[in-house]
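What follows is a single structure, written as structure tokens, with notes after it.
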Amino acid sequence: MPRAPHSMPLLLLLLLSLPQAQTAFPQDPIPLLTSDLQGTSPSSWFRGLEDDAVAAELGLDFQRFLTLNRTLLVAARDHVFSFDLQAQEEGEGLVPNKFLTWRSQDMENCAVRGKLTDECYNYIRVLVPWDSQTLLACGTNSFSPVCRSYGITSLQQEGEELSGQARCPFDATQSTVAISAEGSLYSATAADFQASDAVVYRSLGPQPPLRSAKYDSKWLREPHFVYALEHGDHVYFFFREVSVEDARLGRVQFSRVARVCKRDMGGSPRALDRHWTSFLKLRLNCSVPGDSTFYFDVLQSLTGPVNLHGRSALFGVFTTQTNSIPGSAVCAFYLDDIERGFEGKFKEQRSLDGAWTPVSEDKVPSPRPGSCAGVGAAALFSSSQDLPDDVLLFIKAHPLLDPAVPPATHQPLLTLTSRALLTQVAVDGMAGPHRNTTVLFLGSNDGTVLKVLPPGGQSLGPEPIILEEIDAYSHARCSGKRSPRAARRIIGLELDTEGHRLFVAFPGCIVYLSLSRCARHGACQRSCLASLDPYCGWHRFRGCVNIRGPGGTDVDLTGNQESMEHGDCQDGATGSQSGPGDSAYVLLGPGPSPETPSSPSDAHPGPQSSTLGAHTQGVRRDLSPASASRSIPIPLLLACVAAAFALGASVSGLLVSCACRRANRRRSKDIETPGLPRPLSLRSLARLHGGGPEPPPPPKDGDAAQTPQLYTTFLPPPEGGSPPELACLPTPETTPELPVKHLRASGGPWEWNQNGNNASEGPGRPRGCSAAGGPAPRVLVRPPPPGCPGQEVEVTTLEELLRYLHGPQPPRKGSEPLASAPFTSRPPASEPGAALFVDSSPMPRDCVPPLRLDVPPDGKRAAPSGRPALSAPAPRLGVSGSRRLPFPTHRAPPGLLTRVPSGGPSRYSGGPGRHLLYLGRPDGHRGRSLKRVDVKSPLSPKPPLATPPQPAPHGSHFNF
């Protein structure tokens, strides 16, 4: 076996260096707590008015949240509901204190247009505070959008209706965002019934109305608007759209941020008249860095500015493409990074099928296109209408900038690839006792809410921590006529930090949750502090409490060591109490199940499960959240795997090499084993039974070279040797045998041996028949050389031969008589040629001619030293015409112990007076015992070349 390749160290080095060049993809964190809403009060849910038959059938049809002055406004189908958050804090259920009803008056015409009845209601899609006293609301109004003004406190209509075109979409499924800034309404939506004209529009103010370019894919291409923000001198719009710069990849969506100047007055009559002159857009890059960047391109939700590491940032939820591997990510973008991105280079497409490349600075006109007139680079121009035409034409053809806005931490704050897709985000940037902790609340499309600590904050590590996972969906209250998948999707999140609540909106209902569930820790201080919940703290007398609640300022945030070691951990739900020294593990559930003890030094629980009602149940694990979220470095893991593989391959290769060498050594020594019998000469058989002379001394080197082959075998030759030729003997199918007539045998003994493959036993007697009348293989024992007395004896088996060699044996009785009697009555053959050929009857199809065993005679030739090698080349056997053996003619050829066909002698049968040993072909060609044999001495038709042997006295031994 070849030795292990020398390239193994190189392969090991390659495997060790490969992980260094790759960045491991972040793993999904494991939630520390899993909860559901079992036992939650029914008053925490709101589905619509009790007397509303449509709401009872379809549900709420939630559209939008808006919080104003401790009042929560909920826009829905045909209604706007107002909830007093102060009353909710006092224990009242989720019941609106007032609401407005605005139904469509054009439902009949909507049905004529081919729309379904469920689509023809008035869905309130826009809800914007116009000032401190007025609320602007716009509805689809059966595909005829209309806007109205309402008083915030009274919810009574004020003024006349306005057209909602370009302010509100026609269809409830189309996206829209709107914001009021400096007395004007900035909206982004579809401006026509077919949603083919996407528009960013300004109206209802002292400034002239402006819009984006119509039907220009460079400006907007099938956008889905998500959020609008006023910041500084600009209004920002966040959306996703079908990419124009990567159109060769198909319909790939990119996340964008676009901005316009609030003081923009439009262009001149020659260019961009009544259109934006400051419209620019950038790509938002939310991706996992590495050799091949993995992008989360589809923006789903965005928050307002939140403090992150001392800087104002926006938090967004991004997902992968719809036809890609499902995955979600949370990325934060600093506002100053977004502003800096709008100072980047412009991008253009020089040819129709060409790539988008940055525009060189020498081709950009001055002042910089997109600048606000009167400030900055365009300070010399008091109005955008005074800008040069080349600037206006350039900004019309180059609204896209390069490069993309990077995330705040250069990578996502959280990535999820094995869970449901995230759809909504809400951020509390002032959590914790010192109001400096950021907590993310994330909604998904399967109805779960995640409470997450982002990395770098209180998580004390580079990995995020999922503090809690809550299943907030209730099929009984929120299903309606929608599909189960659509009904479970969370489409809105609203934080009430003062009331310590989170409002979760589904298409059919809304529900509110507490931001924390500190009471579940009971009287276990270790569990309370190890939960890492920024809303929970330990009170000396009240246990684990909410730090925002009554007495929340008098809490112990670090814990007393003596209290943690000797205090009791009590389950608040069941009242069971653990002994001293028990860990923070509390079995939250009914029943007297014992608690799981652990080391007192470990104060960090792991994943647990609980419910929000009286029936709580869960398990916590004995790991800190920080250490639990950290995994083994991927490079180290791959290096260990590669080293283990290389070590195992080396050891296994060494073992296999040793085993092969040992097998070759055994094969060369030809060890006799019961499972692998080999052909034996008669001399060997005689010696095994105590007969025959002692073996001659080992020959000299010169004589050993002349030693011929003693026998052949079916054993495979060693490497480098020629395979046995008996394995490929011709068959009757491949070598047809024709009847031979009037052939005459050669007079020489060696030619008689060459033609002996067609010899028969004699005239008038079927070949292959024994004395008993059945076919049996024959054994012909060659007489001893001249000068040695011998005796012709015929036996039926090798056993009889061995018994004869030991001495005189009594005659057989029964079914095994000696075969000497039939031979005495056999008439002698008149010609040698009559006994040299067999009939032309073919052999059986599945029969391979057996081997021939020749007994070497004693002579002056050197005896082989030891046993002959199994791989000695075998004599070539055939069924064709005669050939001379490659032996000298001046001496008799060496005897060979070879297997021959049972039907008669082979072409290498000896001449007259030469006795051969024929053995039947063993089953399977190897490894089987020899069959019954018959020892015969054929009558010599011609005098032999040497002196004929004389009969030996009975009982004497053969000399071989």
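Note that the numbers count up from 1, one per residue, in the order the chain is shown.
A Cβ is built for glycine as well, from the same backbone N, Cα and C atoms used for every other residue.
Among the features that Swiss-Prot reports, compositional bias 'Low complexity' is placed at 899-909.
What Swiss-Prot lists as compositional bias 'Basic and acidic residues' is 922-935.
Under the heading compositional bias 'Pro residues', Swiss-Prot lists 940-952.
Neighbours of Cys120 (disulfide bond), defined as other CB atoms within 10 A of its CB across all chains, total 22. Among the features that Swiss-Prot reports, disulfide bond is placed at Cys110-Cys120 (among others).
For Cys147 (disulfide bond), the Cβ neighbour count at a 10 Å cut-off comes to 25, with all displayed protein chains included. Residues or ranges marked as disulfide bond by Swiss-Prot: Cys138-Cys147 (among others).
Within 10 Å of the C-beta of Cys261 (disulfide bond) there are 24 other C-beta atoms, taking all protein chains into account. Taken from Swiss-Prot, the feature disulfide bond applies to Cys261-Cys372 (among others), supported by sequence analysis.
If you look up Swiss-Prot, you'll see Cys286-Cys331 (among others) marked as disulfide bond. Within the same chain, residues at least 6 positions away in sequence whose Cβ sits under 8 Å from that of Cys331 (disulfide bond) are Leu284, Cys286, Phe296, Phe315, Gly316, Phe318, Pro407, Ala408, Pro412, Leu413.
Long-range C-beta contacts of Cys509 (disulfide bond), restricted to its own chain and to partners at least six residues apart, with a cutoff below 8 Å, comprise Trp45, Phe46, Arg47, Gly59, Leu60, Phe62, Ser474, Arg477, Cys478. The disulfide bond feature in Swiss-Prot is assigned to Cys478-Cys509 (among others).
Every protein chain considered, the tally of other Cβ atoms within 10 Å of the Cβ of Cys518 (disulfide bond) stands at 25. The disulfide bond annotation in Swiss-Prot covers Cys518-Cys536 (among others), and the record cites sequence analysis as its basis.
Marked as disulfide bond by Swiss-Prot on the basis of sequence analysis: Cys524-Cys569 (among others).
Other Cβ atoms within 10 Å of the Cβ of Cys544 (disulfide bond) number 25 in total over all chains. The feature disulfide bond is assigned by Swiss-Prot to Cys528-Cys544 (among others).
Taken from Swiss-Prot, the feature region 'Disordered' applies to 555-624 (among others).
Annotation comment: Swiss-Prot describes 685-725 (among others) as region 'Disordered'.
If you look up Swiss-Prot, you'll see 745-792 (among others) marked as region 'Disordered'.
The region 'Disordered' annotation in Swiss-Prot covers 806-960 (among others).
For 1-23, the entry in Swiss-Prot reads signal peptide.
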- [ ] Would you kindly give the Cα-Cα distance separating Cys544 (disulfide bond) and Cys518 (disulfide bond), rounded to the nearest Å?
- [x] 6
TODO: Quick one: of the disulfide-bonded residues Cys110, Cys524, Cys528, which has its CA closest to the CA of Cys138 (disulfide bond)?
DONE: Cys110
- [ ] Among the disulfide-bonded residues Cys110, Cys524, point out the residue whose Cβ has the most other Cβ atoms within 10 Å, with all shown protein chains included in the count.
- [x] Cys524
- [ ] Using a 10 Å cut-off, grab the number of neighbouring Cβ atoms around the Cβ of Cys372 (disulfide bond), all chains included.
- [x] 22
Open item on the list: I'd like to know which of the disulfide-bonded residues Cys110, Cys120, Cys261, Cys528, Cys544 sit within 10 A of Cys536 (disulfide bond) at the Cα level.
Closed with: Cys528, Cys544
Task: Cβ contacts of Cys528 (disulfide bond) (under 8 Å, same chain, 6 or more positions away) - done: Cys518, His521, Cys536, Gly537, Trp538, Gly543, Cys544
Open item on the list: Neighbour count, 10 Å Cβ-Cβ cut-off, for Cys478 (disulfide bond): what number do you get?
Closed with: 24
